[in-house]
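Single-structure report; data block below.
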Amino acid sequence: MPVNLEYLGFKLPGNVDEKYVQFKLKYRKQYHETEDEIRFNIFKSNILKAQLYQVFVRGSAIYGVTPYSDLTTDEFARTHLTASWVVPSSRSNTPTSLGKEVNNIPKNFDWREKGAVTEVKNQGMCGSCWAFSTTGNVESQWFRKTGKLLSLSEQQLVDCDGLDDGCNGGLPSNAYESIIKMGGLMLEDNYPYDAKNEKCHLKTDGVAVYINSSVNLTQDETELAAWLYHNSTISVGMNALLLQFYQHGISHPWWIFCSKYLLDHAVLLVGYGVSEKNEPFWIVKNSWGVEWGENGYFRMYRGDGSCGINTVATSAMIY
């Protein structure tokens, strides 16, 4: 039975009606009268839920109204997350030690500043985060090899990756294997995103990039940061429960709010840093558009496996 948060002392703001109107205008939401009443009730419930997160989480993150404040937890999970991930049983190709390289990295680093990261994209109402995390990684790896930043097709993976399930979820580790079998990825412009499962329209003569293999990376976040610095961006899985209401700051939830064993979202590590308050963090690219979070990005505490962000880290390899 859901907990009534108002009984716990959380209160709706007096201008909640006005906030709802502003929310609909800002995010261009339109509902019929009956649907509007349902969404307003969900909106109010989510405001209280965001207050709960704000009080009982660590870190400097601010939680509140976002583009997804009109969705229930189940609706949000079904349309923006993916099925629960299974941690790979074999990590035989995991680099166990980077030696001196671990201590030879800067305090702050961001692949965006190197021109290695494409613009933030939007998966829409489709559980294809795994495809965006994968293409983001391949885009950066291709840039590192050739110096060319190309925007690659997520829709190709949604439609043609036989190891995954399109808008119903998937895994970057499977996607890498499928990319190799398909011979590579087409450009976004030549196979544009449509946010739904469709028939495969892959044209092998239209493939723009290739990969040779993939690698499962260490769960040690110090070594992950070193790998990112010396190599490229990293595809990771995480528990994204709190991200529904994330606005900005460094997210650092207690494990009870964000179990590392319940991974349901794929994102892309593009950098790392340390805040003025000495909080180590990851810079993470999401696939929910630029109106969410910090212009489509968020920062997650680095060092204690918050939300399982270090649990399943992978990358394509291009020789």
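Even glycines carry a Cβ here, placed using N, Cα and C.
If you look up Swiss-Prot, you'll see Cys126-Cys167 (among others) marked as disulfide bond. The C-beta environment of Cys126 (disulfide bond), restricted to residues of the same chain at least 6 apart in sequence and closer than 8 Å, consists of Thr79, Val158, Gly166, Cys167, Ala195, Lys196.
Note: Cys129 (active site) has non-local neighbours His80, Leu81, Thr82, Gln123, His265, Ala266, Val267, Ser287, i.e. same-chain residues 6+ apart with C-beta under 8 A of its own C-beta. DSSP assigns Cys129 (active site) to a helix in the three-state reduction. Swiss-Prot lists Cys129 (among others) with the feature active site.
DSSP assigns Cys160 (disulfide bond) to a helix. Note on Cys160 (disulfide bond): other Cβ atoms within 10 Å of its Cβ, all shown chains, come to 22. Annotation source Swiss-Prot lists disulfide bond at Cys160-Cys200 (among others).
Positions annotated as N-linked glycosylation site by Swiss-Prot, on the basis of sequence analysis: Asn212 (among others). In this view, Asn212 (N-linked glycosylation site) is surrounded by 11 other Cβ atoms within 10 Å of its Cβ, with every protein chain counted.
Under the DSSP three-state reduction, Asn216 (N-linked glycosylation site) is assigned to strand. Per Swiss-Prot, the feature N-linked glycosylation site maps to Asn216 (among others); the stated evidence is sequence analysis.
DSSP assigns Asn231 (N-linked glycosylation site) to coil in the three-state reduction, outside any helix or strand. Listed in sequence order, Arg144, Ser315 are the same-chain residues six or more apart from Asn231 (N-linked glycosylation site) with CB atoms under 8 A from its CB. For Asn231 (among others), the entry in Swiss-Prot reads N-linked glycosylation site, with the evidence type sequence analysis.
DSSP gives Cys258 (disulfide bond) a coil state; it is part of no helix or strand. Sequence-distant neighbours of Cys258 (disulfide bond) (same chain, 6+ apart, CB under 8 A from its CB) are Asn239, Leu241, Leu242, Ser306, Cys307, Gly308. Positions annotated as disulfide bond by Swiss-Prot, on the basis of similarity to another entry: Cys258-Cys307 (among others).
Secondary structure from DSSP puts His265 (active site) in a beta strand. Taken from Swiss-Prot, the feature active site applies to His265 (among others).
Residues or ranges marked as active site by Swiss-Prot: Asn286 (among others). Asn286 (active site) counts 28 other C-beta atoms within 10 Å of its own C-beta, drawing on all protein chains shown.
Cys200 (disulfide bond) has Asn212 as its nearest neighbour among the recorded positions Asn212, Asn216, Asn286, going by CA to CA distance. Recorded residues Asn216 (N-linked glycosylation site) and Asn286 (active site) have their alpha carbons 20 Å apart, per Cα-Cα distance.
In this structure, the CA atom of Cys160 (disulfide bond) is 18 Å away from the CA atom of Asn212 (N-linked glycosylation site). In this structure, Cys200 (disulfide bond) belongs to neither helix nor strand by DSSP; it is coil.
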